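Undergrad: Quick paste of what TrEMBL says about this protein:
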- 1-20: signal peptide (SIGNAL)
- 36-190: domain 'Ferritin-like diiron' (DOMAIN)
- 53, 88, 91, 137, 172: Fe cation binding site (BINDING)
C-alpha cells in the first residue's frame, strides 16, 4: 500500500510539472557582499583571459581535426593537439572556478564565453602546426603576464597574483619549452629523412 501511495504522489507531481503548474518559489537570499572585492580592471582582465583560453582550445581542436583527416593521417599529432585543446579548456574552467570562489559569478555570466571563430583550418606540415602552437602558447603567456601586472597594479590582489604565477605561468613556461624541443627534434629528423622524418616523429608523439 505504501508503495502505491508513493507512486501516486510521484505521478501527481510529474503531471503538475508536465503542465507547467508547478514552479520553484525559492528566491535568492540577501547575502553580505563586503567579501566580494575583486573588481575593476583586474576582474575584466580575468574574464578576458578565460576567453583567451577558450580561443586557444578551439584552435587546437582545429589542429587535431586536421591531422585526423584520412588524407593526412597523423594520429600522433592529432592526439597531441586534442590533448592540448582539453588542457586549454581546463585552464578556462579553472579561471571560472576561481571567479566563483571570489563571488564573481552571481550575475553577468551570459557573456563570459563567446564562441570563437578559428581563422586557420589547414597546415602544410607538422612543423608548421607546432610552430603555430608555440606562437599560440607565447601569446597566452604574454596575456597571463599582462593579467598579473594588471591585478597587482592598483589593489594588489596578492592571492590571485600568487595563484596565477605559481600555477598558470609555470605550466605555460614548461609547455613552451616542450614545444620548442619538439620543433627542434622534428626539423632535425626531416633534414635527415625528409617526409619519413615526420612519419617517424608522429609515431613517437
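Cβ coordinates are placed from backbone N, Cα and C, and glycine is handled just like the others.
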Undergrad: Around the Cβ of residue 172 (Fe cation binding site), how many other Cβ atoms lie within 10 Å? Please give the count over every shown protein chain.
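TA: The answer is 19.
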Undergrad: Give the number of CB atoms, excluding that of residue 137 (Fe cation binding site) itself, located within 10 Å of its CB.
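TA: Total other Cβ atoms inside 10 Å, all chains included: 21.
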Undergrad: Counting only residues 6+ away in sequence within the same chain, which have a CB under 8 Å from the CB of residue 53 (Fe cation binding site)?
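TA: For residue 53 (Fe cation binding site), the qualifying residues are 88, 89, 91, 92, 95, 140.
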Undergrad: Write out, in the order they occur in the sequence, the residues of the chain not among 53, 88, 91, 137, 172 that have a C-beta within 8 Å of the mean position of the C-beta atoms of the recorded Fe cation site.
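TA: Sorted by sequence, the hits are 52, 56, 87, 140, 168, 171, 175.
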Undergrad: Starting from the Cβ of residue 88 (Fe cation binding site), draw a 10 Å sphere and report how many other Cβ atoms land inside it.
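TA: The Cβ of residue 88 (Fe cation binding site) has 23 Cβ neighbours within 10 Å.
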Undergrad: Give the number of CB atoms, excluding that of residue 91 (Fe cation binding site) itself, located within 10 Å of its CB.
TA: 23
